[in-house]
Every structure is written in C-alpha cells, then in structure tokens.
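Visitor: Quick one: the structure is below, questions incoming.
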Amino acid sequence: MSNRVIIFDTTLRDGEQALAASLSVKEKLQIAMALERLGVDVMEVGFPVSSPGDFESVQTIARTIKNSRVCALSRALEKDIDAAAQALSVADQFRIHTFISTSTIHVESKLKRSFDQVLEMAVSAVKYARRFTDDVEFSCEDAGRTPIDNLCRMVEAAILAGARTINIPDTVGYTVPSEFGTIIQTLFNRVPNIDQAVISVHCHDDLGLSVANSITAVQHGARQIECTINGIGERAGNCSLEEIAMILATRKGMLGLETGINAKEIHRTSNLVSQLCNMPVQANKAIVGANAFTHSSGIHQDGMLKAQNTYEIMTPESIGLNRNNLNMTSRSGRHVIKHRMEEMGYSEHDYNMDALYEEFLKLADKKGQVFDYDLEALAFMEAQAEEDNHYQLQQLVVQSDSTEGVATATVRIEVGGEIKTEAATGNGPVDAAYNAIARATDRRIDIISYKLGAKGVGQNALGQVDITAVYHEQNFHGVGLATDVVEASARALVHVMNLTCRADKVADYKQSMQKNRELGGV
C-alpha cells in the first residue's frame, strides 16, 4: 500500500457552509489559487446544482486551476450530476463526488426509503457519473452511525459500479478514534474489492476529534483525508488541513506517511482564508494560531534561547513564518531581555542591565506585554516606567453623511503643551478622525491591523480598539478605550503617536551614543 496520503480540500464547499455570507466568485478563485500553491491534490469547490452562483464559481475555478484536481459535489440524482459535469467540463482533469445517506436514522427519517432502495440509488448515481469521468467519488453520508453490515454492502456495491474513491464520513462527529479506526479496518477485512478504490475519510469536529479520527483512519489503511483550511465548516467545523499536514510531516518517522503539501504556504493560506471568510483564527489554534510559536514562560524562553527544540516540535519557518515570538512579560527572565537587546543591536556595555531589568518588571506588571520599543525607552530614557504623552486628545467631534458615506472629524489635541485644532474628511468617521489627528500631529503612520472588541458586558461595556501601525519600518501597538467606538479608535491612534514620538527620542539618543563611541567617548 502506498504511503502517500491524498489531501482533499473542501474549504470552498463544506467550509463555506459555515459562513454568514457567501464568497464572491473572485474571492473563491483567490482561495482556489492559494490551495493550488499549497499543493492540495483535490479541491472540492462547490455544489453546482444549488445555485447559478455556485455553478459559475465551480466553472471559473475549473477553467483556471491546472495543478490540482477540481471536484464538485452532487446528490445521487441525475440532475445534480449533470450540473456538476457541465460546470467541470472546462477543466483539464476533474472529479464528480456523489453521495447518499446510509445510516438507519437518515435512511428512515430523511430519505424515507429502505436500505436496499438507497443502495440502488447509489449504484445508479455512480454509474451515471462514470459517463462523464473515470474519477468518481462516492460518499456514505453518516457512515459513522451506519450499521457495519450495511456499510460494507454499500462500499462493495459502489466500487463495483465504478467509484474509484470511497469516502467514509463521520458526518456528525460522533465517533471516537478507536471506534472509527475499527470501522476502517473492518471495511478492509470484509469488502472483497476494496483494493480497487482509495478509501477516504471526512470527519467533523463536534466532539473535537476530527483530526484524531482522520489520523487513526490512515493508520488503518485510508489514503485520502478530506479537510479544510483552519478547520472551518458546518457546526463545530471540519478536520483541519494544516494540522493533518504537520502531524504527518512532524511524525513521519512514526506514522510512515507523507503528503504533497507545500508546508511553507500554510501560514499565508490560513491568513487568506481567515480574512476572506471573516473568520478569525483563535490565538491558541494549533499550527496557525497567533500563539502557536509564542513563548511567555521564563523557563520556556530560556530553554528556547539555548535550543529551539526544547519547546518546539516544529519550526515557524516550516509553515512560512519568519520566526517564533518570545513575549516579554513579567515571567521573562534576564536572559530573554539581554537576548532582545542584542537582537536590536545593543551590547551589554550600552546600558545597565540591573536597572533595565528592574524597570522592565515594573512596566510588565503595569501593562502586561512589553514590546521592543518599550525596552529601548526603559534602557535609555529618564522616567523610564512612564510613557511620554507628547500628544493628548482633548476633544473629538464627528459628523457623518449616511447617504454619501463621507464623514468630517474635528479634533483638538495638545501637542507638546500647545493646543492644535484640525478638521478632515474621510471614508467614514474613523477614517476622518485618523486623518484629522494626522494633520494635527504632522505625523504619518500606516495602520496594518485594526481590531474592535469590548471591555465589560451589556450597556456598560466599553469599546476597545487595538491597532498595529508601522512607523519607520517598526511596528507599534496602540489601545483605546471609550464608550464610543470612534473615540476609542482615536485614542488608540494617539497612543501609537506617543509611542512613535518616544521612539524618535530613543533614536536620537542612540545616534548621539554612536557618535560618542566614534569620538572615543564613554
């Protein structure tokens, strides 16, 4: 048996079922092209019979994608198969995926037929799909709850009818790994023509076991895993592609299996899907979460600096990230602070380590996470633990034209003790406020991240805005709190402005320090 596991991505079909709004054809094509770069073997991109929009997107993707096999879903109905075949006909290579329910509860309650009638429908559908392509996949919906005798009969009949891939879904995420592995093993033991098809699995995450069940299945002979980027999908989601890919890569020595996935594209693809689908990835998500390669514990950080594999079983570079993050918090040791200062270009003779670490701990207790620019300021500025509020927002007034979408903002800001008033327009109230603040401060920064949240519950909650901005090729993080979202946004920007002002002072100090070195000074 081959040790190659086929990766069947269904982000654009099953994954899209989790979205509040459908993706546009252009957005689906963007994701499809990213999946092609990622190296998925098969991508299921829609359900053509369901709507003209889905038909168009399947056809557009089928026409464009060359290096992955494009697949479309159909029920075990001729009209569904016709629509799938027509949409896919423009592709160089394609697959028709047809399915029918096989569990007793589905057969009796949903289909209202006998199992024998359902089996006949499945056989007819597979034979009909084979008129259009040799690559036909058949799925036994709710296989995880199907009586094993019935499942074996269905699989044997579908293979005999011409299916070259047989998919065994745990549609409602009900099984546990030992149980699901037994199902796969039983199929291999009892279905006489099983060697004529690839056995696939499609596991849902209702009990959080989709990845574990999928790995167990390939250990028992399955050779295709159906999955989605970031694990998105109906209800609790699907098996996560990035987790499967990195499990098989990281544990190749034990599992003896491999995929064709280009792992360095994982991070980029995850971000794209998250943004286009408007589904943020939870910070502690395996592989692609913001904290996946972040270390805050002082003991862990010290170990990481000595040898990365003390606390990392894979590298961030392996999924396309530049490096891991050592969050500087009150739990960070002196070794971490010294390491960060060295990375920023400072030798231990440039600052007083004892004084710096003492002030660092004070600031970390006060604000939680300390950033590089904080550390520089602590090392070289007076009143080290206090932020230099060169800019202070005094007043913000916003007027918005709901019909045109143009807003006007007027701000009064104290700039180094001098009061300045400026007005500006923008595409919405937040944009207008930002433009007015930029005018008043005469300081331009690029916002690369804007996150809106809340502090508190109900009517008493405060709007919290977190922004990340780039200034002189360095990232700065600002936070604003207010009952009004626009005001919170303005306060976050002013926070960043103060940080950049302080960074400029640090840069001037560094420059003078460098001149003293060159002149032989202390």
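Note that Cβ sites are derived from N, Cα and C of the backbone, with glycine treated the same way.
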Visitor: Looking at Mn(2+) binding as recorded in Swiss-Prot, which candidate out of Asp9, Asp14, Asp431 goes with His202, His204, Asn238?
Guide: Asp14
Visitor: Let's see if you can do this one: DSSP helix, strand and coil counts over the region 'Regulatory domain' (392-522), in that order.
Guide: 50 helix, 56 strand, 25 coil
Visitor: Among all the protein chains here, how many other CB atoms are within 10 A of the CB of His204 (Mn(2+) binding site)?
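Guide: So the Cβ neighbour count for His204 (Mn(2+) binding site) comes to 25.
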